[in-house]
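Per TrEMBL, these features apply:
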DOMAIN    2-129  domain 'Nudix hydrolase'
BINDING   Arg24, His29, Glu35, Phe36, Pro37, Gly38, Asn120  8-oxo-dGTP binding site
BINDING   Gly38, Glu58  Mg(2+) binding site
Amino acid sequence: MSRLIHVAAAVIEDTQGRIFIAKRPDDKHQGGLWEFPGGKVEDGETAQQALVRELQEEIGIGVTGCSPLIQVPYHYPDKSVLLDVFHVTGFDGEAWGKEGQEVVWVAKRQLDSYQFPAANRPILNAALLPDRVLITPECGSSAEVLSGLQKSLLQHHLQGVIFRQKQISDEAYQRGYALISQALSGSECLLIAHCSIELANQLHAAALHLTSERLDALTDRQAFKGRFLGASCHSLAQLKQAVDKGCDYVTLSPIAQTQSHPDTPNLGWDVAAEWVKDQPIPVYLLGGLDDTALEGAINIGAQGIAAISAWWR
Ligand SMILES: Nc1nc2c([nH]c(=O)n2[C@H]2C[C@H](O)[C@@H](COP(=O)(O)OP(=O)(O)OP(=O)(O)O)O2)c(=O)[nH]1
Ligand SMILES: [Mg+2]
């Protein structure tokens, strides 16, 4: 296989949550498609140094704040690249197309209507998904879930929730989902269903989380009609399975010891870091973690953290 060309690229986000993208010139590799600004890492440079240089050269901004977002190795028929993507949230100057390229600031909900190179799918997922996802605990009723949820979202400013209630019937789940979906409509919070693909499609769910068993049984990503399909992973083999089957994100657990499963052996940070590295999929670390773990999770290349008790009321 040909050598991987190391490329640094940036998901640049402004204070209104818009993302900056540029159009690749027609005569370049993957020309005519939209891209996240960036370019090749030169000899003797780190990826972050290349990013800072490329953003100055291509769009005239000075990076003042950035963190790792995702790494995507990808093999085009004519070229192999390793896209080393950073989330840029601080910069000096006004971004513009210094090389004559078309550029635009896009609201996140519009990003999917632009055409990007095939390698960019996981980058789009990472750009669109939140960094913290709440998983609901077992509750006595959907009304109880809803009131707890409203308090949690308000207090912790969460932008994603997996509505999980394992003990209830499909009918009860359906009613609970409708209740929560209505309460969250108009908010920025992504509601993720936790049920079968069939039920999620019936609910017109935009996002669905699969158990490891359901991931194992999955034969066709397209069976789920919504935008984001995630899965629970506990091993490197499962992570790879989720990537191969076209999932959009995963949770990886248990990272640390939890109150709910004190005797289950945990993976620990070193193993998590090893597994997350180079996996072209956003990974949420889960199990015994709270907000204090977020920065560490992002620094090892994870999307962020998922938790139940850390944010429940
Ligand atoms: N910058 C960027 N490159 C991407 C994206 N997606 C994707 O597949 N690529 C590929 C296309 C190219 O093969 C490679 C990036 O190279 P580039 O053409 O931007 O490199 P460069 O800025 O250093 O330009 P040059 O030296 O070739 O003129 O990565 C993306 O979102 N942003
Ligand atoms: Mg470039």
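Just so it is clear, glycine is given a Cβ too, placed from its N, Cα and C backbone atoms.
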Three-state secondary structure, Arg24 (8-oxo-dGTP binding site) (per DSSP): coil
Whole-number Å value for how far His29 (8-oxo-dGTP binding site) lies from Glu58 (Mg(2+) binding site) (Cα to Cα): 16
Among Glu35, Glu58, the most crowded of the binding-site residues [Cβ within 10 Å]: Glu35
Residue distribution over DSSP helix, strand and coil in the domain 'Nudix hydrolase' (2-129): 30 helix, 55 strand, 43 coil
Most distant Cα pair in Å, residues Arg24, His29, Glu35, Phe36, Pro37, Gly38, Asn120 binding 8-oxo-dGTP: 14
Shell of the 8-oxo-dGTP site beyond Arg24, His29, Glu35, Phe36, Pro37, Gly38, Asn120, same chain only (C-beta within 8 angstroms of their C-beta centre): Val7, Ala9, Ala22, Gln30, Leu33, Trp34, Phe116, Pro117
Distant-in-sequence Cβ neighbours of Gly38 (8-oxo-dGTP binding site), under 8 Å, six or more positions away: Val7, Ala8, Ala9, Ala10, Ala50, Leu51, Glu54, Leu55, Glu58, Val85
